[in-house]
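Q: If you scroll down you'll find the structure; I have some questions about it.
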Amino acid sequence: MCKGLAGLPASCLRSAKDMKHRLGFLLQKSDSCEHSSSHSKKDKVVTCQRVSQEEVKKWAESLENLINHECGLAAFKAFLKSEYSEENIDFWISCEEYKKIKSPSKLSPKAKKIYNEFISVQATKEVNLDSCTREETSRNMLEPTITCFDEAQKKIFNLMEKDSYRRFLKSRFYLDLTNPSSCGAEKQKGAKSSADCTSLVPQCA
């Protein structure tokens, strides 16, 4: 027969109360994290709504012009993702970020992370490097410096320049941007034409 809460030992009541408090705290923490995460993502997103035709045309002059422009890089990355081959540009971006590290103590862990992700035999996003460059980069991991990925990054840049960059310039990801009528270009008196690229270049993170 149920005797109700009054019939339970004091220790059980304290345990139940403590458990309820913990569950309530965890639920509040979960809601708080989700709310914070959604705001964080919104803060990091920069929408590329307008890119001038002059800028878009410069992207066809060189791969360097393309990937050094925030929206150009986003468009190229979207193209590579559509081909399931974004590991090369991801590696290039990681190398650029690595070279900006100021603290010597942070070089080694970051270098190992890049190596394990893109260069090692069991890399999750292995890039296509020749054996000599791969071995040289492996040796550089013994004492990582700010330049330890320079040769590998150069090889991957050249590979993209000869292959995926040329395909990108022939793809709708680029051609639609060069056609003002296809991505909502607007011409105002005294202003240069620009393309609304929201649908083609959704985000420049």
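Each Cβ is built from the backbone N, Cα and C atoms, and glycine gets one as well.
The following feature annotations were taken from Swiss-Prot:
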{"type": "DOMAIN", "residues": "62-178", "note": "domain 'RGS'"}
{"type": "LIPID", "residues": "Cys2", "note": "S-palmitoyl cysteine"}
{"type": "LIPID", "residues": "Cys12", "note": "S-palmitoyl cysteine"}
{"type": "LIPID", "residues": "Cys95", "note": "S-palmitoyl cysteine"}
Q: Within its own chain, what residues at least 6 apart in sequence put their Cβ under 8 Å from the Cβ of Cys95 (S-palmitoyl cysteine), listed in sequence order?
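A: Correct list: Ile114, Phe149, Asp150, Ala152, Gln153.
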Q: Pull the DSSP breakdown for the domain 'RGS' (62-178) and write it out as helix, strand, coil residue counts.
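A: For the domain 'RGS' (62-178), the helix, strand and coil counts are 82 helix, 0 strand, 35 coil.
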Q: For the domain 'RGS' (62-178), what's the mean pLDDT in this predicted model?
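A: Per the prediction, mean pLDDT sits at 96 for the domain 'RGS' (62-178).
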